[in-house]
Structure formats: structure tokens, C-alpha cells
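Copied over from TrEMBL:
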- 22-42: transmembrane segment (TRANSMEM)
- 33-274: domain 'G-protein coupled receptors family 1 profile' (DOMAIN)
- 49-68: transmembrane segment (TRANSMEM)
- 102-128: transmembrane segment (TRANSMEM)
- 140-162: transmembrane segment (TRANSMEM)
- 168-192: transmembrane segment (TRANSMEM)
- 213-235: transmembrane segment (TRANSMEM)
- 255-276: transmembrane segment (TRANSMEM)
């Protein structure tokens, strides 16, 4: 907030403010939608597969992102009402906890997307050996390692967030992981195109291939949505750390609230993609709806 106040003094750009009601509505919708994904996977035993467990990991990350913005807005409201101060010891610890939650959400989303991409890659190119390579136990071990690493990293980054040595690796990790996932997808589609020509004469294999490619396209959509929703906020972190006094940087930072809203929109869009492109999830949602009625 100090950076925002200073930015207003060196730029003519008006700070864009998103109403608190919009924040709470979008955050609540994101939490409920992703909670619905988790319930659907738990209730349907046909969805107890590594791919859907990785999807649940992404849903948990999205829920943490929405919960972070909700708690942050409650914190700001309490400060405006005078119930909390901005520079107290308790408030500082609370702020560090919320920052840690935000970083955990971002890292969890990145590594969940990476796990989903790797799982889809194995499904397409090692279809006959997939169940031996990606067992349910192995998937749970991978998720345990991912979340242990993300939790430890989020705590360390939140505690030392004012050090450039901490901010630089964190911000570099985002484009690096996105580039790695992108390379994996490009390689996946190039090989898939080559395989499609070889198995064109086999109807059964073609159907199986189309099913797998549909999953790859779905995950590509996830990646695109993730980049559009998270990249502006990560850019804001970089600019706030390295050029807060530059008028152009300050002008970009005036849309901080919009970037925060985009993060929560990601939590809403992902479940819609799941429900629209996954027949199993659509079927499970219908059964849940009928049971509730």
C-alpha cells in the first residue's frame, strides 16, 4: 500500500478500484465450484485415477487463491473500521500468513499443471504401459512431494519477501515452469501428429488417440487461462520490487485490484472447463444434482 500511495504521486494514472462486493462474490463462486470438483471426485470411484487426483490438486490451489483474496479484503475492511492496525505485530504475522497462502496457491497451481501435463504426456505416448508407470500410489507420492515443497517454499518466501535474493528466484520460477510446460506440449503435439499418420489405418487406435488428444487440448486451455490470469499479478510483483518509482511501472500498478480479480476468475473458469470437457464429471454433477433434489 505504501508503494501504491507513492505511485499516485508520480503518475497521472488513476488507481482502478474493484468494489469489495465483486471480490467476495467472485471468491465465493471460485471456492464453491472447486469444492464441487473435489466432492465429485471423492464420490465417484470411477474418478479415482491419477489424472483426476492431479486435477483435484489444481482445484485446491484455486481454492487457496480465492480464500487468500477473501481474507485479504476482510483484513482491509477491519483496518478501515479501526479494529486492526496496519503495523502491529499481530497484523504483520497475519499478513505474512496470507502472503504465504498466496504463494502456496501460485506454486501449487504451477506444479499441479506440470503434473497434469506429464500425466497426459505418458497417457498419449506410453498408453500400454501407463498403468504401470503412473500408479495411484505413485501419483499420491508425487502430490505429497509437490505440496511439501510448495508449503516449505511459501513459508520461506513469505518470511524473506523483502530480500531481492528471494523475490528473483520466485519470479523466475514462474516463466521457467511455464516455458517447460509449453515445450512439453509442443513436443506432445508434434509427436502426436506423427503418430496419427502411422495409426490412421487402425480405427480403434484412432479413437483412443482422439480421446487422448482431447485431454491434451483441454490441458492446453488450462495453461492458457492460467497464464492470462496469473501473469499480470506476477508482473506487478516484479515491478513493485524493482521499479516502484518509475511512472510507467506506477501506472501499471494502478490496476492492482484488476489483477487480483483475474486470479479469482481463474478459480471460476477452471471448473467450467472440467465440467464442459469431461463426460465423467458431467455425469457425476448430474447425479449429485438429482440426489440433492
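Keep in mind that glycine also has a Cβ here, set from the backbone N, Cα and C atoms.
A TrEMBL annotation is a machine prediction, not a hand-curated record.
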Chain residues in Cβ proximity to the transmembrane segment (49-68) (below 8 Å; excluding those fewer than six residues from its ends, i.e. six or more beyond)
26-28, 30-31, 34-35, 37-38, 41, 98, 101-102, 104-106, 108-109, 112-113, 115-116, 119-120, 123, 134-136, 138-140, 143, 146-147, 215, 222, 263-264, 266-267, 270-271, 274
As a test: from 22-42, 102-128, 168-192, 255-276, pick the stretch that has the greatest number of Cβ pairs under 8 Å with the transmembrane segment (140-162).
102-128
List, by number or range, the same-chain residues at least 6 past the transmembrane segment (102-128) whose CB is under 8 A from its CB atoms?
50-51, 54-55, 57-58, 60-62, 64-65, 68, 134, 139, 142-143, 146-147, 149-151, 153-154, 157-158, 170, 173-174, 177-178, 180-181, 184-185, 188, 191-192, 195, 208-209, 212-213, 215-216, 219, 222-223, 226, 230, 234, 266
Could you tell me what the rest of the chain brings near the transmembrane segment (168-192), counting residues at least six beyond its ends with Cβ under 8 Å?
103, 106-107, 110-111, 113-114, 117-118, 120-121, 124-125, 157, 209, 212-213, 216, 219-220, 223, 227, 230-231, 234, 237-238, 241
